[in-house]
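Engineer: According to Swiss-Prot, the feature active site maps to LYS221, an assignment based on similarity to another entry. Taken from Swiss-Prot, the feature NAD(+) binding site covers ALA10, VAL11, HIS12, PHE13, GLY14, ALA15, GLY16, ASN17, ILE18, GLY19, ARG20, GLY21, and the record attributes it to similarity to another entry.
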Amino acid sequence: MAANNYTKKAVHFGAGNIGRGFVACFLHNSGYEVIFADVNADLINALNASPSYKVIEVGSEGTEESTITNYRAINSRTNEEELIQEIATAEVVTCSVGPNILKFIAPVIAKGIDRRSEDLPPVAVIACENAIGATDTLAEYIKDPKNTPSHRLENYEKRARFANSAIDRIVPAQDADAGLDVKLEKFYEWVVDRTPFKDMSPPDIKGINWVDNLLPYIERKLYTVNTGHATAAYHGYIRRKSTVYDALQDKDIQEEVKKALENTSHLITQKHGIDEQAQHEYVEKIVRRISNPHLEDAVERVGRAPLRKLSRKERFIGPAAELAEHGKDCSALLDAAEMAFRFQNVEGDEESAELAKIMASNKPEDVVKQVCGLNEQEKLFPKVVEVVQRVQADLHDD
C-alpha cells in the first residue's frame with residue numbers, strides 16, 4: 001500500500017453549519033485534512049459522496065465564496081473504532097456540538113487519546129462552543145474514571161493539551177436547498193488560550209488569536225454578542241417579529257437591546273479593565289452585525305434552547321448575578337430574561353416545551369433554582385422570582 005503524502009490532520013465533532021462553515025474552513029485553509037465526526041448518517045453520507053462544498057460569506061459589501069476540500073466523514077455511532085484511530089493520530093481535535101452534547105463525545109475522544117503513541121506530540125483539544133470554559137468541561141468528562149482509568153492520567157499532558165476558546169461568528173439558518181454549502185457572516189473571531197502550550201508550539205491554525213488570558217474575551221463575546229442577539233430574538237418573538245433583522249427595525253426592541261448591553265458593558269469594563277470607549281465601539285459593531293439584513297435569522301432559531309440560555313453562567317443570569325451582587329443595574333437583563341421565560345411551546349424546540357412544563361408545575365422559587373441555578377443567598381434571586389411570578393400570573397390569566 002503506497003504511503004500517503006503526510007498532511008496535518010484534525011478531527012472535528014459536529015458536521016453542522018458551524019463545523020463545516022467556520023471551524024473546518026479555518027482548518028482547511030491551514031493545511032489540515034479534516035475528519036468530520038457526527039451521528040447524522042445522511043450528513044455523513046452526503047459529505048463522503050461530495051469531494052467539496054462551498055462556504056459563502058455575506059456582508060454589506062457583497063458575498064465571497066470559498067471551496068472546502070480534503071475532508072472525510074465518519075459516523076461516530078457506528079464506526080467508533082475507525083474514529084478512535086483517527087483521534088490517536090490527529091494533531092488537533094475540535095468540536096461544535098453544543099455544550100449539552102460534550103458528555104456524549106468524551107468517551108470516544110478519551111479512547112483516542114489513550115491509544116496515542118508516546119512518540120507523537122500531544123493532541124490539541126479545543127471545544128468551539130458558546131459556553132464559558134467548554135474545553136475544561138469536555139476535559140473533565142474525558143478524564144472521568146468511567147472514560148479514562150485513573151492510572152492512565154499520569155503524564156496525561158504528554159498525550160493531550162486542552163485549550164479553552166471563544167468563537168464568534170453568526171451562522172444563520174440555511175436555505176432549504178443549500179445542501180452542504182454554508183452561508184455565514186464575513187466577521188469572525190476565534191480566540192484560544194495559549195497557556196496549555198507553554199512548552200511547545202500551539203497548533204498552526206490561521207485566524208486563531210492566541211492569548212494568555214481568555215476570560216475577558218469569552219465574557220465580552222458572550223455578554224455582548226449572545227446577550228444582544230438573544231435579547232432581540234426573545235423581545236422579537238413576543239412582539240411577533242419573524243427575524244432578528246425585523247425585530248431590530250422596531251425602535252422599542254432596539255432600545256431594549258441597547259439597555260441590556262449597557263448593563264453588560266458596565267460589568268465588562270469594570271471587571272476586566274476594558275476601555276469604555278473600546279467597549280462602546282464593540283457594542284456598536286455587534287448591533288450592526290446582528291442587524292445584517294443578509295442574515296435572515298428567524299427569532300425562533302436564535303431563541304431556541306431557553307433552558308440553557310437562562311442557566312447560571314449564560315448570557316442573562318451570568319452577568320445579572322454579578323451586577324446584582326455589586327448593587328448595579330441589571331433591569332434590562334431581567335426584562336430580556338422575562339421574555340425568555342415566555343418563550344414556551346415553540347414548534348421544533350424541545351427546551352421551550354420543557355420550560356412550559358416547569359413553569360406550570362413549580363413554585364417561582366423552585367423555578368429559579370432549577371432553571372437559573374441561583375440560590376436564595378444571591379441578591380439576584382428575589383428579582384428573578386418576581387419575573388417568574390409575573391410570567392406565571394399571565395399564563396394563569398390566559
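Placed from the backbone N, Cα and C atoms, the Cβ positions cover glycine too.
Owing to the predicted nature of the structure, the values given are computational and were not obtained by experimental measurement.
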Engineer: Return the residue, from the listed recorded positions HIS12, LYS221, with the maximum count of other C-beta atoms within 10 angstroms of its C-beta.
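Structural biologist: Output for this query is HIS12.
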Engineer: Distance between GLY14 (NAD(+) binding site) and the residue listed as 'active site' at the Cα atoms, whole Å?
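Structural biologist: Between the alpha carbons of GLY14 (NAD(+) binding site) and the residue listed as 'active site' there are 22 Å.
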Engineer: In angstrom units, rounded to an integer, how far apart are the Cα atoms of ARG20 (NAD(+) binding site) and the residue listed as 'active site'?
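Structural biologist: Cα to Cα, ARG20 (NAD(+) binding site) and the residue listed as 'active site' are separated by 22 Å.
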Engineer: CB neighbours of ALA10 (NAD(+) binding site) within 10 A?
Structural biologist: 28
Engineer: Where does GLY16 (NAD(+) binding site) sit in DSSP terms: helix, strand, or coil?
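Structural biologist: GLY16 (NAD(+) binding site) sits in coil per DSSP, no helix or strand.
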Engineer: In whole Å, note down how far the CA of the residue listed as 'active site' lies from the CA of GLY16 (NAD(+) binding site).
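Structural biologist: Cα of GLY16 (NAD(+) binding site) to Cα of the residue listed as 'active site' measures 22 Å after rounding.
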Engineer: So of all those binding-site residues, ALA10, HIS12, ILE18, which one's Cα sits nearest to LYS221 (active site)?
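Structural biologist: Of all the candidates listed, ILE18 is nearest in space.
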Engineer: Quick check: in three-state DSSP terms, what is ALA10 (NAD(+) binding site)?
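Structural biologist: In the DSSP reduction, ALA10 (NAD(+) binding site) maps to strand.
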Engineer: Please give me the CB contact count at 10 A for GLY16 (NAD(+) binding site), counting all chains in the structure.
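Structural biologist: Step by step: centre on the Cβ of GLY16 (NAD(+) binding site), count other Cβ atoms within 10 Å, giving 17.
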